[in-house]
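**Student:** Structure below; questions to follow.
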Amino acid sequence: MSTVQTPVQYLPAKTANSIKLVDEAQAKTNLLGMTQAQLADYFKSIGEKPFRSTQVIKWIYQQGVTDFEQMTNLSKSLRDKLSANACVIPPKVIHRQYSDDGTRKWVFEVTGGSLVETVLIPADDSKLNGRKTLCISSQVGCALDCSFCSTGKQGFERDLTAAEILGQLWVANASYMSDENDSLENIDHSLWENNVTNVVMMGMGEPLLNYRPVVSSMELMLSDHAYGLSKRRVTLSTSGVVPKMYELAKELDVALAISLHAPNDELRNELVPINKKYPLEQLMAAARNYVFDVNPRHKKHVTIEYVMLDGVNDSNEHAEQLVALLGDLPSKINLIPFNPFPHANYDKSSNNRIHAFSNILSEAGFVCTIRQTRGDDIDAACGQLVGQVADRTRRSAAWQQSIKDRENS
């Protein structure tokens, strides 16, 4: 097992192959997370041709290059101009843990000192180049306060920028290019590969409440000039921000997941409070609109996420209600064993209960899966690792302050 507790230190670039992760003059424009259109506008604003955006995007995302001096198909004068006025800076990793089964977790410090968490889960198929799914955060904390969610109990601080969102994917790919100490310096960019095959916007926060930065980030994930991921390999999960679901359906074609967790309004109002604003009838209508678009060649489905809470939402009656609720909606149901966290008011459903629930759904004709727990040796519900690191940071700061106080007394 490799579970690392020591914060990873990132240093300024000093060599041609090192990665600059320090913003020397915070007035510089961070190009990370800019869409091709945004980057083209930036180049026009500095008196350059907009086609440079394609070149720079390829360097950043297909080669992992953040040092403009290494972008050799740019003129020397343009490289100098970019070095003076721009930067490519992902969020800073302050903590990471790697599991025996390949699961990786990072805690990032974003602007202002806030912390967000990212998790990478490899497929359990023993393939060296198999599926690797990255769970990305979109906000610092979450305002929805779902009663079973650790992140919601930490409150909401702010939205993440596109650079902070896409930077999580950039660092996850970079981690496969680095040594066992997870240093991101001295990477041979000629060997760069984008190992992450799937992205799910299921980390901290509600993605549709941070709509524009999230959509911009997903555009780059799909772009052939950047990550080139298939639209079925990029999934946005929402608790049900209905107006934005309609907006997303018009703007971007990615896979949709709904954090449902209850088959009736009374129970969902308790578990997922946003249901009081957008009840199930409205949510299901928005889901059907997303799936049944005007192009008959688009064969879409919605993934229904359903956390299994002992004695709360896991009865046979609840399963039958779920069957009736979904009706003819093309959907795959993912049952999620509850992952307890400190002071949680719920328990995990038994394995027998989960399988009985699953059988009812399967017999009704739905594809139903049970999420497998991964990374047991570094296990934590979404948001818990951030809480643990933040607690340690606060304790360390308090201890250091007590030393200073004693020295000054």
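Keep in mind that glycine also has a Cβ here, set from the backbone N, Cα and C atoms.
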**Student:** Determine which of Ser230, Ser237, Ser315, Ser362 appears in Swiss-Prot for the same S-adenosyl-L-methionine site as Gly205, Glu206, Ser259, Leu260, His261, Asn339.
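**Tutor:** That S-adenosyl-L-methionine site, as Swiss-Prot gives it, pairs Gly205, Glu206, Ser259, Leu260, His261, Asn339 with Ser237.
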**Student:** Pop the Cα-Cα gap between His261 (S-adenosyl-L-methionine binding site) and Cys146 ([4Fe-4S] cluster binding site) into the table, whole Å please.
**Tutor:** 10
**Student:** Same chain only, sequence gap of 6 or more: which residues have a CB within under 8 Å of the CB of Cys142 ([4Fe-4S] cluster binding site)?
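**Tutor:** When sequence neighbours closer than 6 are ignored, Cys142 ([4Fe-4S] cluster binding site) has Cys149, Thr151, Gly152, Gln154, Phe156, Met204, Gly205, Glu206 within Cβ distance under 8 Å.
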**Student:** My understanding is the cutoff is Cβ-Cβ under 8 Å with a sequence separation of 6 or more in the same chain; which residues meet that for Ser259 (S-adenosyl-L-methionine binding site)?
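**Tutor:** Set apart from Ser259 (S-adenosyl-L-methionine binding site) by at least 6 residues yet with Cβ under 8 Å, we have Cys146, Ser237, Thr238, Ser239, Gly240, Val272, Glu305.
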**Student:** In whole Å, how far does the CA atom of Cys135 (disulfide bond) lie from that of Asn339 (S-adenosyl-L-methionine binding site)?
**Tutor:** 16
**Student:** With a radius of 8 angstroms around the mean position of the C-beta atoms of Cys142, Cys146, Cys149, what other residues of the same chain does the [4Fe-4S] cluster site pick up?
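**Tutor:** Near the [4Fe-4S] cluster site, the remaining chain residues are Leu144, Asp145, Phe148, Ser150, Thr151, Gly152, Lys153, Ser239.
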**Student:** Could you state the whole-number distance in Å separating the C-alpha atoms of Asn339 (S-adenosyl-L-methionine binding site) and Glu117 (active site, proton acceptor)?
**Tutor:** 16
